[in-house]
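Asker: According to TrEMBL, the record shows the following:
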DOMAIN    116-297  domain 'Malic enzyme N-terminal'
ACT_SITE  Tyr139  active site, proton donor
BINDING   Arg192, Asn447, Asn491  (S)-malate binding site
ACT_SITE  Lys210  active site, proton acceptor
BINDING   Glu282, Asp283, Asp306  divalent metal cation binding site
DOMAIN    307-560  domain 'Malic enzyme NAD-binding'
Amino acid sequence: MESILKPLRDGESVLDLSPRSTVSGGVADVYGEDHATEDQLVTPWTFSVASGYSLLRDPQYNKGLAFTEKERDAHYLRGLLPPTITSQKLQEKQLINNIRQYQVPLQKYIAMMELQETNERLFYKLLVDNVEELLPIVYTPVVGEACQKYGSIFKRPQGLFISLKEKGKILEVLKNWPEKSIQVIVVTDGERILGLGDLGCQGMGIPVGKLALYTALGGVRPSACLPITIDVGTNNEKLLNDEFYIGLRQKRATGQEYSELLQEFMTAVKQNYGEKVLIQFEDFANHNAFELLAKYGTTHLVFNDDIQGTASVVLAGVVAALKLIGGTLADHTFLFLGAGEAGTGIAELIALETSKQTKTPIEETRKKIWLVDSKGLIVGSRKHSLQHFKKPWAHEHEPVDTLLEAVKVIKPTVLVGSSGVGKTFTKEVIEAVSSINEKPLILALSNPTSQSECTAEEAYQWSEGRAIFASGSPFDPIEYKGKVYYSGQANNAYIFPGFGLGLVISGAIRVHDDMLLAASEALAKLVTEENYEKGLIYPPFSDIRTISANIAAGVAAKAYELGLATRLPRPENLVKYAQSCMYSPVYRNYR
């Protein structure tokens, strides 16, 4: 991304460590010091020792019926609980059975959120042990519906809401959050939630869901995670007229007013939490996403999951798929439907990795990557009217109006959908790309499921079972002509939890493109022969904590290599060190 963002930064690189980046304040350096896997007695401190009724209502320390006889005596719990003592394992069994009884996915989401608010460790234990079943519930696709209805299901705050009303007081607002040692912030302004558009303040479901995955999949302590929604209004008329809408009832602020609020927020975050707090931008609209990443990438530890995380996970899938479709990255021609932050981010990272492998200038490797937007193929004659992030992809070619025509003239070996528009990979498109390739690689990445460019069933049927397919949201296995086809899920959850953990354990102070490449390479290496035999280009989510530890180690190693790591000396075995720093959701024994 540096090659795209550098011109917007007046040639400045993240490696320059800009003098503008220094802001006083911050918290003590506690990164990587949560040795949660150690078998030790802990005292359930809040502001004082939590006991009795207050202990049962503190999600961080509550264990429900799992409190032992000794703990019930020591913490004044006698009579507040039934006499039965159960194990965490039995609690899990009961809860997963209850959740499976719900027929409506949103009810399952609400049940999981209620569990998170009452018993934190049990929530994460349940999620870790049933990740493939519950990931679609706490994140995409169900979180999309939760955001749409967030005003109706809102019960208690799970993060900070910073609106235009707080302008001039953001540092004070941050100090209202009870946890002081924050390592990861996920922030959204709600303008482009998944493929659902402007959901304003109700986009809070996304930071909450992302940070739940940071803990469950990446092992970052829940107390070190802070979800934030910046509310500058919404242009969604339906929400503005909804009596249950919980945000500012005004049109979106733009321009200087928006920029000043974000500047105050970014300054306050570093002042309150220090240089090494990771700020992950989530679901900002294109025009703001690139600008924020360019503006703050040289002064803060920032990461945009829609641009960088998506790019990294897709690159990993493409690299892994080469074993099935043959050739090297440089041998393939890519055609994208969608030229927003996801599409251009993926394209740039593929070009960067190809450049690295072939030692060819990135300007050359871009020439085998073509993008189609709402106006057709991006070509040289359109360059004067293009947004800055699309201009590198304006190659010399005759104008082409439709995706189908583009497939016929470009003859891609890899077809990528990042358009946010469902059903755009039509039967004719998939048949055309299949006529060109023995094994076409088809990636329908848009979320949620309703916005996917095509379904797994359509990809396999229309390609006569020859496609290698992956999607953004999950699809069940498909049977076609007596054979079962398993589709991979190019889910950002493979990358961002491990990526963030790698930044935390190394004490990184900036994000560099080489870290994204390291994350992709680490993920691609974890695809096994057994996975390939099923046609999968990603490892199973059931191994996600091991995957995250390996990605964290790769990212941390690159941070040390680039001189961007501050945790010294460097641990000898980064994989083991990453695992040792991971939060464990197993109950602790109290004094």
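Cβ from N, Cα, C; glycine included.
A description of the local structural setting of each listed feature is requested, covering burial, neighbours and distances.
Answerer: In sequence order, Thr140, Pro141, Gly144, Leu194, Gly195, Gly472, Ser473 are the residues of the chain that are 6 or more apart from Asn447 ((S)-malate binding site) and have a CB within less than 8 Å of its CB.
Within 10 Å of the C-beta of Lys210 (active site, proton acceptor) there are 27 other C-beta atoms, taking all protein chains into account.
Asp306 (divalent metal cation binding site) has a Cβ environment of 24 other Cβ atoms inside 10 Å.
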Asker: Run through Arg192, Lys210, Glu282, Asp306 for me and report the recorded positions whose CA is within 10 Å of the CA of Tyr139 (active site, proton donor), in sequence order.
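Answerer: So far as Cα distances go, the recorded positions lying within 10 Å of Tyr139 (active site, proton donor) are Lys210.
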Asker: Rank aside, I only need the closest one: which of the recorded positions Arg192, Lys210, Asn491 has its C-alpha nearest to that of Asp283 (divalent metal cation binding site)?
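Answerer: Nearest candidate: Arg192.
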Asker: Please report how many Å separate the Cα atom of Asp306 (divalent metal cation binding site) from that of Arg192 ((S)-malate binding site), as a whole number.
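Answerer: On Cα coordinates alone, these residues lie 10 Å apart.
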Asker: Among all chains shown, work out which of the binding-site residues Glu282, Asn491 has the most CB atoms within 10 A of its CB.
Answerer: Glu282
Asker: Can you grab the distance from Asn491 ((S)-malate binding site) over to Lys210 (active site, proton acceptor)? Cα atoms, rounded to a whole Å.
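Answerer: Pair distance, Cα basis, whole Å: 12 Å.
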Asker: Pop the Cα-Cα gap between Glu282 (divalent metal cation binding site) and Lys210 (active site, proton acceptor) into the table, whole Å please.
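Answerer: So the alpha carbons of Lys210 (active site, proton acceptor) and Glu282 (divalent metal cation binding site) sit roughly 9 Å from each other.
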